[in-house]
Amino acid sequence: VLTTPSLHPRVSTSSHERLLSHFLLAINKAGSPAWLPSSLTPASSRLYISASLIVAFFSLRLQTAEKETTRAMPAGGFSVSAPDGTHFEAKITPIVIVSCIMAATGGLMFGYDVGVSGGVTSMDPFLKKFFPAVYRRKTGQGLDTSNYCKYDNQGLQLFTSSLYLAGLTSTFFASYTTRRLGRRLTMLIAGGFFIIGVVLNAAAKDLAMLIAGRILLGCGVGFANQAVPLFLSEIAPTRIRGGLNILFQLNVTIGILFASLVNYGTAKIRGGWGWRLSLGLAGIPALMLTVGSFLVTDTPNSLIERGRLDEGKAVLRRIRGTDNVEPEFDEILQASLAAQRVKHPFRNLLRRRNRPQLVIAILMQIFQQFTGINAIMFYAPVLFNTLGFKSDASLYSAVITGAVNVLSTVVSIYSVDKVGRRALLLEAGVQMFVAQVVIAAVLGVKVTDSGNDLGRGWAVLVVVMVCTFVSSFAWSWGPLGWLIPSETFPLETRSAGQSVTVSVNLLFTFAIAQAFLSMLCHLKYGIFIFFSSWVLVMSAFVLFLLPETKNVPIEEMADRVWRQHWFWKRYMDDYEDEAYDLEKKGNKITDGAGINSHDGAN
């Protein structure tokens, strides 16, 4: 490490200088190490090692000077991008790809649950059985036949939102299992919840049974959303971490598309049982996640965190495709030792040094929901039906929207580790704002409470604008809302931080799902103005306060990201205090450890 600093660029210059000086002092007190030729006298061996270290020192200074002269200046002075991080030796092995694909099926289940509810709630047999009041309004038998208020029903919204309320509660238990039992077992628990929930939903006889099934599905969402992003971030090599992590969001979008296609087909089934098939087919991704959890290996970070060091190193060799894993293993081990000193991770989250990660994780989830995306994806068929599309046309439009969602997420996988997180978020902010303003303008002019003058041309424009909005979300706030929090928390607070991330996401998802149809009824076209205003707020947040995390190893975020940011660096003071304390402890050990022995192990 000391004589080849280029192998360890993650060690700061000042730290390397301290290590070199301490080692020189130790050499002056020690005899000839066992690994030097026995022909060298103690004086010669000291001279040999000292010369090597001095050469290493000047080599380090030269490398540091090169880095500092080539480092790019931050644009606009608002946010400092982190320099390129350490790339440990790693191949993109088949086991990594397969593990990530299997783990990301948790996103497939989540996406299917999001997409299926809107299609099912627009089917007449389903509404007639569970929500007769909504069915009467939809068919013109009710007193209130406003275009915007056909589906305004708290029970109907509870069917959708109960899943997210259950997920919010379960994520706190998932934080414990993720840390104590590992990422893989937590995904297995999620799969079990999904399967039981699917059975209850498909066989539902009354509203209580239907809601119970949704609650169990919500528990599965809480456990899956807790474990899967962590699993993907930790098992992927640094240089493709962003792309592999977005597999989770890609599977969410594929799940939504799959649900839309299923709804389009089952709506045509005669006999009134098509909705049961729609809900029951959620068992396919549930089984995939459960079986996949048996097949994948746990992450090295999780194994090392739980004290299984040899197994963790073996897994690291297997997933990296190389025997040279000592640098990465040492870094994970050091992070794990620091994590074990934290007895209360949730309390530790509130420490000043963890405030940047916590604030950004919370705001990313709030902003993700206030883009309005879930309002559209939950209720796409209902929304299109409200705008005057016939039943088949509304489901077909939802399929188109879902397909755009999938394709745009693929764009994100390709570009996130090339152009960076901030660029995607800022571009999407402009695109989402324009799309929502156009939709609001068209609806304000063409769709009233009692009349609908949308016409074919305007209807096509609305669908195009919805697709424009969905595409920009799918390569920005959709995947990055999960990626950025999962890669910024240090290991000692990662499970707790992910738990808070998922909880906040599910809390605001629940709020939007429970309130959207009522908001649509009261705000009418103004609901899109409401969401577009939030898009402006979140874009300003990205511009001023969100640092770039592209190509930065997870365990180096503090030094390479937060301590370099114009605003967040003020919260990193206690990192320096802790480093000073550790250095003092190290000096005591060096002075009192009895380095006088000539034994090589010393």
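Using the three backbone atoms N, Cα and C, a Cβ is placed for every residue, glycine included.
So that you can see what the record holds, here are the features copied from TrEMBL:
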| type | residues | note |
| --- | --- | --- |
| TRANSMEM | 92-112 | transmembrane segment |
| DOMAIN | 99-550 | domain 'Major facilitator superfamily (MFS) profile' |
| TRANSMEM | 155-173 | transmembrane segment |
| TRANSMEM | 185-204 | transmembrane segment |
| TRANSMEM | 210-232 | transmembrane segment |
| TRANSMEM | 244-265 | transmembrane segment |
| TRANSMEM | 277-296 | transmembrane segment |
| TRANSMEM | 358-382 | transmembrane segment |
| TRANSMEM | 394-416 | transmembrane segment |
| TRANSMEM | 423-445 | transmembrane segment |
| TRANSMEM | 457-478 | transmembrane segment |
| TRANSMEM | 499-519 | transmembrane segment |
| TRANSMEM | 525-546 | transmembrane segment |
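Listed as Cβ neighbours of the transmembrane segment (394-416) (distance under 8 Å, sequence separation of 6 or more from its ends, same chain) are residues 115, 118-119, 122, 242-243, 246-247, 249-250, 253-254, 256-257, 259-261, 263-264, 267, 376-377, 380-385, 424, 463, 466-467, 470-476, 478-480, 483, 550. Proximity of distant same-chain residues to the transmembrane segment (423-445), defined by a Cβ-Cβ separation under 8 Å and at least 6 residues beyond the stretch ends, is recorded for 371-372, 387, 412, 415-416, 454, 458, 461-462, 465-466, 468-469, 471-473, 475-477, 480, 524-526, 528-529, 531-532, 535-536, 538-539, 542-543, 546. Where the transmembrane segment (499-519) meets the stretches 92-112, 155-173, 210-232, 277-296, the count of C-beta pairs under 8 angstroms peaks at 155-173. Away from its own ends, the transmembrane segment (155-173) comes close to residues 113, 117-118, 121, 130-131, 134, 193, 207, 210-211, 214-219, 221-223, 225-226, 378-379, 499, 502-503, 506-507, 509-510, 513-518 of its chain (Cβ-Cβ under 8 Å, at least six residues beyond either end). At the 8 Å Cβ cutoff, the transmembrane segment (185-204) and the transmembrane segment (277-296) share at least 3 close pairs (sequence separation 6 or more) and count as touching. Sequence-remote contacts of a segment are chain residues at least 6 beyond its ends whose Cβ falls under 8 Å from one of its Cβ atoms, and for the transmembrane segment (92-112) they are 183, 187, 190, 194, 220-221, 224-225, 227-228, 231-232, 235-237, 240, 244, 247-259, 281-282, 285-286, 288-289, 292-293, 295-297, 318-321. The average pLDDT computed over the domain 'Major facilitator superfamily (MFS) profile' (99-550) stands at 84.
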